[in-house]
Amino acid sequence: MKALLSRCEAVALVFIVTLYFNASYQLTGLEVCSLCGGTVQNNTYVDNFCSSSAGRLDKRCCLANDNSSDPERIIGLDLSSCSLTQVEDLPGASTVVVIDLSLNPITNISNEVFQGFLDLNFLILPEDIACPGGNASWQQIEVKQGNQLCKDQKNMCNQTGQMSMNCPENSLCGPYGPGSFECRCDENYHGYKCLRQAEFPVLKVFGPLAASTVVISFLLWITQRRKAKSL
């Protein structure tokens with residue numbers, strides 16, 4: 001009976017830990033919506049896009065999901081008039097389609113900020129800030145009403161085929177945001193420069209790690225429980 005209870009307690013502990021990490025991840029992902037105060041203003045680029053996409057406004061973000069079982073993701077981000085002097089990271093916003101960074105005293109933005117932003121198709125910047133990746137990364141670039149508009153992100157792997165030449169053998173070029181690309185190993189290849197053949201040993205690599213994490217968590221829970229009882 002005690003063994004059965006111990007197993008049930010272990011399962012419950014793993015379930016609680018999983019929920020905790022999932023909740024922490026979701027909270028961290030939405031922190032970008034609170035980088036500055038206020039909410040998305042009416043009739044702005046993000047507001048109009050959100051309305052046309054049946055999204056939901058939350059602080060400085062537009063959130064949407066494909067169905068009720070999927071978590072909401074950020075599809076619009078309005079950080080205009082936030083007094084931002086630099087933008088180094090936009091955590092949790094890699095699914096965004098529209099970003100507004102206008103009316104900020106930004107001096108420079110690195111291309112690395114938007115790495116992984118595969119769906120980004122409309123970026124509004126201060127007039128003197130160049131679109132990430134330059135003309136080769138966007139179908140259209142124009143200055144309008146004091147803003148730099150970067151429209152329709154290009155696939156960097158389709159630029160006359162030259163980008164693919166930078167990828168090693170047994171790999172393919174894949175888009176990785178405006179001005180960026182990544183080399184993805186072909187099927188059955190993995191490791192440094194995709195030189196190792198056969199499937200990646202997921203179970204062997206992550207199995208012991210997951211098991212040790214569960215064991216350590218369980219031992220910590222038991223220890224804290226005994227301390228609580230002694231009090």
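Along the chain as shown, the residues are counted starting at 1.
Glycine too: its Cβ is placed from the backbone N, Cα and C atoms.
In TrEMBL this protein carries:
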type	residues	note
DISULFID	Cys185-Cys194	disulfide bond
DOMAIN	153-195	domain 'EGF-like'
TRANSMEM	202-222	transmembrane segment
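The residues of the domain 'EGF-like' (153-195), classed with DSSP into helix (H, G, I), strand (E, B) and coil, number 10 helix, 13 strand, 20 coil. In the predicted model, the domain 'EGF-like' (153-195) has a mean pLDDT of 80. Cys185 (disulfide bond) is surrounded by 19 other CB atoms, counting those within 10 A of its CB over all protein chains shown. Shown in sequence order, Pro168, Glu169, Asn170, Ser171, Cys183, Cys185, Asp186 are the residues of the chain, 6+ apart in sequence, with a C-beta less than 8 angstroms from the C-beta of Cys194 (disulfide bond).
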